[in-house]
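See below for the structure under consideration.
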Amino acid sequence: MSTCHLHSSTAGQDPAWLVCCAEMAMEERARSCLLRFRHRLEQDIKPSYLMDHMVSDGVLSVDEEERIRTQPNRKDQAVALLELLLKKDNRAYISFYNALVKEAYDDLASLLQDDLPQMLPDAHNKSSDGSVAYVQAVLSEGGVPQRPVVFVNRPELVNRVREKLYRLLKEPGWVTVFGMAGSGKSVLAAEAVRDHRLIEECFPGGIHWLSIGQLDKPDLLVKIQSLCFRLEQSLDSQSLHRPSNSLDEAKERLRFLMLRRYPRALLILDDIWDSTVLKAFDIHCRILLTTRNRSLADSVSGAKYEVEVESGLDENKGLEILAKYTELNRLPEEARSIVRECKGSPLVVSLIGALLKEKPNRWDYYLRQLQQKQFKRIRKSSSYDYDALDQAMAASIEVLPDEHRELYKDLTVLEKDIKVPAKVLSVLWDLEAEEVEDILEEFVNKSLLFVDNHNKPYQYYLHDLQLDFLVEQNRTQLESLHTKVVHQYQQHYRDGPPTSGDEECLYWIRFLTYHMAKANLSQELYSLMFSLDWVSIKAQIMGPAHLINDYVEYGPILDKENSEVRSQFQEFLSLNGHQLEQRPFPDVVQLALSEPRSSEVYRQALLQAQDRTSAGKLYFDWLNKNSVESLSRLVIHPHQGSIYSACFSHDGTKIASSGASKTLKVFKSTSGEKLTEIQAHDDEVLCCAFSPDDRLLATCSSDRKVKVWNVEKGMRLRVFEEEHQEQVNHCEFTNTSQRLLLATCSNDKFLNVKLWNLNKPSSQNTMFGHFEPVNHCCFSPDDTYVSTSSNDGTIKLFQVSSANEWKTINVKNMFTDSDEDVLVKCSTWTADGKHIICAARNAVLVFDVETSDMLLEIKTNRLSTVQYCHACPTSNLLAIAFSNYAVELWDLESNKKMADCSGHLSWVQRVQFSPDGSQLLSCSDDQTVRLWEPKKVHTSSAVHLKRDSDVLFSDEEIIVSAADNCNRLQVRDGRSGSVVFQSEEKSSRIRCTCMFRQPSAVVLGQEDGTVQAAGMTASQVLRRVGCRIRRLLTSYRRLVLAVGLCTGSVQVLEVPSGKLLATLLGHTKTVLHCQFSQNGQTLITSSEDTTIRVWKWQSGECKVLQGHKEQVRCFALLSNSPAETRLLSWSFDGTVKMWDIESGEKLQDIEAHRGAILSCHVSPDGCLFATTSADKTAKLWHCESWQCVHTLSGHQDCVRSCRFSWDSRRLATGDDNGEIRCTWEE
């Protein structure tokens, strides 16, 4: 992090946003406005920051500022400022207004805006730092920090940075500003872009600042999500996307925005620490970064330029800082010595300057303090040894009042690069917010703390080096300091965690677990993280990524209390993490009720559901679920950090893994026992691969090197480090040893695919054709071809023998629904070599190798992206890894999902079958490798029942009949889930099913017109009717079956003989619904032909109910009507009608909705009925008066269904957006 001094402008310059006007006494309406809003202004403003601008504008004298500053607290200062302002002229009013705007008091400025004095027509607005208002607006919108308090210009360095930035005029690239900690890199970067010409010529798309620091992946994801949201807000509302679920997805979204929407914008990444973070921004755009590590940009692709910031200011600049703090025109002799002892560090010079401002007679004293070098750190937290900083920090802390010195010590617990609002410290110190702000202002004035006043509320932070000093000085008290944080939080939030979503809330929700772990408060950490309430609150406010990261990071602590409960919460998050990304936020209690009954998650959910149902809420408890055990056979935790690659040896006995830890490890596949560990590379190891005889392992890395290792000895045999100029993404050996070759691919612009003969020092061949990074390469089963998958949206097949391109498969042409880039992640060959399968976006595509035709598309969850896929070498199974933590198995022949392999807690990076297909491994960012047995997960999760079903409720028994995804009829016990009956697989699709109560029997209707019964003695065909069957219904009292056909006819059959009892002709289009009366003598049918027919089916007598103008999909007999003679019908024409079926008379007819009516339900007590519609509303009607009792709005899509509860007090409605709303009678 670069230094940032305090804040003040040079007097005499014009302020930003200044509205020029004739100098005169304050207009009466302006004065009245100040008086009207005086109390509000006094409550909210922070006068010290506003007065800086007003002094610069010349409307406030230094003496007047000093008199106001001597007031005892912020409130009194505000009162004094307003009192003075009321005595001044129009210029003072305008200056005060502009200061409010500059300091982000937009709400207060808006109060004064309407009464601004008349502006002159030739007013020319310039900002206080000499830039035009346009520049100020661009920088403010992009989040670029303002100049520090005491700003010293470094024109030579600024011009060098600008010169490098002009190099980005015609092409994307990187400008790296590097230097030691505290050398002023951030201030320099901000100053370099404060230039009108530079912005207009090079970056008309804007300047976008992102403070990075030391981040883990969840924090980085949140940073990119917020940047994307900021960029999208400037576009039309249709450009707003849901937050990305994974880093890969966020990176692609940012790539799209920067390349397509902001192609000439500059992205500034401040304080980058490691290459992993930087690679998330390797998206072919224009980037300025500040860092301590000069070589970081080596890990990314594109043109690179750099500017070194010397470790210190020159002597004259150091003296200038001291002069500005002390306001002396002539500095004493000690000043030069002080600057030399500070080693030119802007941070240290500022600390001393702030001390001298308050104690101007201590020049010699502070010089001696710096020269003593009494602080020798036993253990450095920083790699930079700043003895001068230690002395300056000690001296600055020493002059604080005793009580403030203790409060400053409390800041030791802050994480690096984290900014906190005053409200958090108000809780920690148990002080009023105004008092806290005054104390923080004192720290800021002494350069002991820094303030980010770009947005409200202001946020405060320490420089990394200051935090290092505090940690070193208070190392023995760290645990007690963190304990204080936790206890103060618990005292303040006795009634539960904050949920406001403001900056204070975000801090506590994000860092409370961190403070508990550092305080060694294990019991408190258990109670918090094993709480469903905490899971719900943190997921809703922060998203699931941070929550899941907590379970990974603090897993060892939680396991000491109860590893089983920890695994239950992890399993719950693994299965539901992607759902916790959704908005509106789902009900976590309802999600948790789907957990096994033995789970602590389910136990807590059940208690909460029971408590809430007593207050009228509705929950569903899944009765027939089984206690699902984890399906993974073995879980290995090989590395600290993300695992990017894992693979089987060809004999299936070993597993190799590699990842962010820069190591390569080998394990037994049976037990997970570690066999070998190698410190393989200088950066992340992105891939590892066994040779065909399992004697060798190849690795490739972000360090641009490819290495080959002896597996048994753990020795390096070869290293290829000269030819790839960018990170190497993938490596793979040929499938046989007959002609052993190694293929590699990289992010290089042109020379990105290479073949290596291990006996040669350089590559044997380079494949040309891709002009974007290549993500993956693999050999065909017979080693004739190598396939490559690239960010250019193609797969290319190269001949191994000649290295010539054989053909290109254009994958991006398969995605026509969006103009976003299509990045092909990987490819895999089927065992026969005839098909090649690739992963791109949220789909897996299967192509014919010979013709390049797409044969199959597996469209997966739109809310996740496919990370990787691998075809089983011995079956039709395909394993797919997702960004939503899932692994799925698909049957390529039937295009059906066969299994879900749940258990990972983060993005799954890779999957691979063992050579014999008996095992599957997956590796993830959650630091685990999991092994699965495909046959077991296949059989345990293969069955999915379809929605065309029938259910019988009788006493305690629930029986369900439905077709499954294999087109078999299944009858299941509803409570246990056990199969009562299962038919053989049918050749024609099962369209509908219904059940008889006595004796127990089930009937199915098929696409080809076959009606079949099962369950009496054996399965038998009742009849073939010759056309598609749309509806089956059994008579209540007899074994009689009604069959509605697509031709419009209705057949009545006897069961079990199949004898045709009647054929009812009349409807001219498909029969959509049929129902017997309770006595079984009357049959009612409705049709696409807009009519309802009432049949005396034995005689063929028929009444036609006409009046609807569109199809009648359903109707209902009103059971409380005399002799069940009244019928309610509804239609796509938006009307509801009531009929007397005896006379055929229409009793009621209302225009219920503006759109089609999609469902209707009558309450069990017969008093009300509900309708739902495509117009996104549901309505409640009184059955007697036919008056609309309530219109229920709030659904965001077509309301598809509705249902009353058994007691008629509640109504559930469901829409096409997947949302269910429950309404109940008060």
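Heads up, the Cβ atoms here are built off N, Cα and C, so glycines get one too.
Per TrEMBL, the feature domain 'CARD' maps to 26-115. Across the range of the domain 'CARD' (26-115), the DSSP-based residue counts are 67 helix, 1 strand, 22 coil.
The annotation repeat 'WD' is assigned in TrEMBL to 636-677 (among others). Listed as Cβ neighbours of the repeat 'WD' (636-677) (distance under 8 Å, sequence separation of 6 or more from its ends, same chain) are residues 217, 276, 683-690, 692-694, 697, 699, 701, 709, 711, 714, 906, 909-910, 912-916, 918-919, 921-925, 927-931.
According to TrEMBL, the repeat 'WD' annotation covers 678-719 (among others). Outside the repeat 'WD' (678-719), and at least 6 residues removed from its termini, the chain residues within Cβ reach (under 8 Å) are 275-276, 279, 298-299, 644-651, 654, 656-666, 725-737, 740, 742, 744, 746, 756, 758.
TrEMBL lists 767-808 (among others) with the feature repeat 'WD'. Residues 301, 726, 729-736, 738-739, 741, 743-755, 821-829, 831-833, 836, 838-840, 847, 849, 852, 873 of the same chain lie 6 or more positions beyond the ends of the repeat 'WD' (767-808) yet place their CB under 8 Å from a CB of it.
Look at TrEMBL and you will find 901-933 (among others) tagged as repeat 'WD'. Secondary structure by DSSP for the repeat 'WD' (901-933): 0 helix, 16 strand, 17 coil.
Annotated repeat 'WD' per TrEMBL: 1064-1105 (among others), in sequence order.
Annotation comment: TrEMBL describes 1105-1149 (among others) as repeat 'WD'. Per DSSP, the repeat 'WD' (1105-1149) is made up of 3 helix, 20 strand, 22 coil.
Look at the repeat 'WD' (1150-1191): DSSP puts its residues at 0 helix, 23 strand, 19 coil. TrEMBL lists 1150-1191 (among others) with the feature repeat 'WD'.
The DSSP breakdown of the repeat 'WD' (767-808) into helical (H, G, I), extended (E, B) and coil residues amounts to 0 helix, 23 strand, 19 coil. Per DSSP, the secondary structure of the repeat 'WD' (636-677) breaks down as 0 helix, 23 strand, 19 coil.
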